[in-house]
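Have a look at the structure below, then the notes.
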Amino acid sequence: MFLRQEDFAAVVRTTPLISLDFIVENGQGEILLGQRLNRPAQGYWFVPGGRVCKDETLEAAFARLTQAELGVRLPLAAGTFYGVWQHFYDDNFSSEDFSTHYIVLGFRLRVAESDLRLPDAQHGSYRWLTPEQLLAGDNVHENSRAYFSPDAPAVGL
């Protein structure tokens, strides 16, 4: 269920959101990043992902979000669970009036680049980086870098 913008703003203002992040790896061990067009994290390079909707199973969310973010519908079994993560942002989808808090379920995926049909609705451009390049990238968001940080727990929390 998608909410009207006013209702969604009330939810974001008062509760954490649940989302899925996809750590997509190609055959060369590079990770897919997209440059975000929207708040929060606008302008930063970020792994693909998105929110789970109310009354949506994780299986349905995974299939919907892989289609929306990668251009290919994948089953939950295609991913390897990579832990629970916390993302905090000073802004939100519409303004800087209030913060956004996500509880994120990370999933690692190996996908052939030729299978992807990367859409432009959420990301202006895409690139593949090695984990080392990703960690060194100034404009790679800290929440995406955290998936590869040597200081990060092995599985999120």
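Each residue, glycine too, has its Cβ placed from N, Cα and C.
According to Swiss-Prot, the features are:
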type    : residues                : note
BINDING : PHE2, LEU3, PHE8, ARG36 : substrate binding site
DOMAIN  : 3-153                   : domain 'Nudix hydrolase'
BINDING : GLY49, GLU69, GLN122    : Mg(2+) binding site
MOTIF   : 50-71                   : motif 'Nudix box'
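Features recorded in Swiss-Prot, as mapped to the structure shown.
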residue : record                 : DSSP (3 states)
PHE2    : substrate binding site : coil
PHE8    : substrate binding site : helix
ARG36   : substrate binding site : strand
GLY49   : Mg(2+) binding site    : strand
GLU69   : Mg(2+) binding site    : helix
GLN122  : Mg(2+) binding site    : coil
Problem - Residues that sit under 8 angstroms from GLN122 (Mg(2+) binding site) by C-beta distance, when 6+ apart in the chain - result: GLY34, ARG36, LEU37, ASN38, PRO48, GLY50, ALA68, GLU69
Exercise for the section: Specify all same-chain residues, apart from the site residues GLY49, GLU69, GLN122, whose Cβ lies within 8 angstroms of the center of the Cβ atoms of the Mg(2+) site, ordered by sequence. Expected result: PHE22, GLY34, PRO48, GLY50, LEU65, ALA68, LEU70, HIS123
Problem - Cα separation, PHE2 (substrate binding site) to GLY49 (Mg(2+) binding site) (Å, whole number) - result: 16
Fill in the blank from the handout: Cβ neighbour count within 10 Å, max among the binding-site residues PHE2, LEU3, ARG36, GLY49, goes to GLY49
Exercise for the section: Let me know how many other Cβ atoms fall within 10 Å of the Cβ of PHE8 (substrate binding site). Expected result: 16
Practice task
Looking at substrate and its recorded binding residues PHE2, LEU3, PHE8, ARG36, figure out the farthest C-alpha pair and report it in angstrom, whole number.
Solution key: 22
Practice task
Please report the number of other Cβ atoms within 10 Å of the Cβ of GLU69 (Mg(2+) binding site).
Solution key: 24
